[in-house]
Amino acid sequence: MTFKASVLTLYPEMFPGALGLSLAGRALEAGTWSLEAIQIRDFATDKHRTVDDTPAGGGAGMVMRADVLARAIDHASPPGDTRPRLLMSPRGKPLTQARVRELAAGPGAVILCGRFEGVDQRLIEVRGLEEVSIGDFILSGGEPAALVLLDAVVRLLPGVMGNAVSGEEESFENGLLEHPHYTRPQEFEGREIPQVLTSGNHKKIAAWRREQAEQLTRERRPDLLGAHPLAK
């Protein structure tokens, strides 16, 4: 089954962008996933192709119109489409590796890239949009966030990563940050590769990596400890 991504945006030329390269790009060419970037302005009805208006109650900036966006969503996601409808938004629920895995296991996603001050709340409610955030910071639009989300999802699709074990050992997959990595040369500016990693004792190596992952998580992301069954 091909993972189908439909992105609603004012800047379709931003796609596939970096997703046309490396793992995601090869998977796109192979048909493992598909991408359509839909111009929201095509669903405006006035000669100026207006997609926004002033906020009710006053205030700075502009708000994206519910009627225009609804037509765009209905075009991308007609009745019977089971793909989740996502709105990239700084006030959304933080994107987690668990949610990424859920999306990768599904048929695809319809992604709305917000602009200006945001989207009319009525659209979010009536079209059942899931608001998603990639972090506690503000971007100029939802497009970079959509690229981040899709990159995280596509790499988990079957056959995209050459070594499935590589993905299983990454940060967040087991509730911990990933352990440090080393490779040749053996010595670099006075620092040696930890001896245990060249010992050939796989049990000791696994224990060292787990210990390092736990230590890094305690130092940098203590909020993760206890939140995942494998991190306890």
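Positions of Cβ are set from backbone N, Cα and C atoms, glycine also.
Cross-referencing G114, G159 against the S-adenosyl-L-methionine binding annotation in Swiss-Prot, which names I134, G135, D136, F137, I138, L139, picks out G114. Ranges compared are 13-34, 35-56, 211-232, and Swiss-Prot records region 'Disordered' for 211-232. The local packing around G135 (S-adenosyl-L-methionine binding site), expressed as other Cβ atoms within 10 Å of its Cβ over all shown chains, amounts to 11.
Secondary structure of the compositional bias 'Basic and acidic residues' (211-223) per DSSP (helix as H, G, I; strand as E, B; remaining residues coil): 12 helix, 0 strand, 1 coil. Considering other CB atoms within 10 Å as the measure, the emptiest surroundings among the binding-site residues I134, I138, L139 are those of I138. Listed in sequence order, P90 are the same-chain residues at least 6 apart in sequence whose CB falls under 8 Å from the CB of F137 (S-adenosyl-L-methionine binding site).
Non-local neighbourhood of G114 (S-adenosyl-L-methionine binding site): M64, L87, M88, S89, G141, G142, each in the same chain, at least six residues away, with C-beta under 8 Å from its C-beta. Shown in sequence order, P90 are the residues of the chain, 6+ apart in sequence, with a C-beta less than 8 angstroms from the C-beta of D136 (S-adenosyl-L-methionine binding site).
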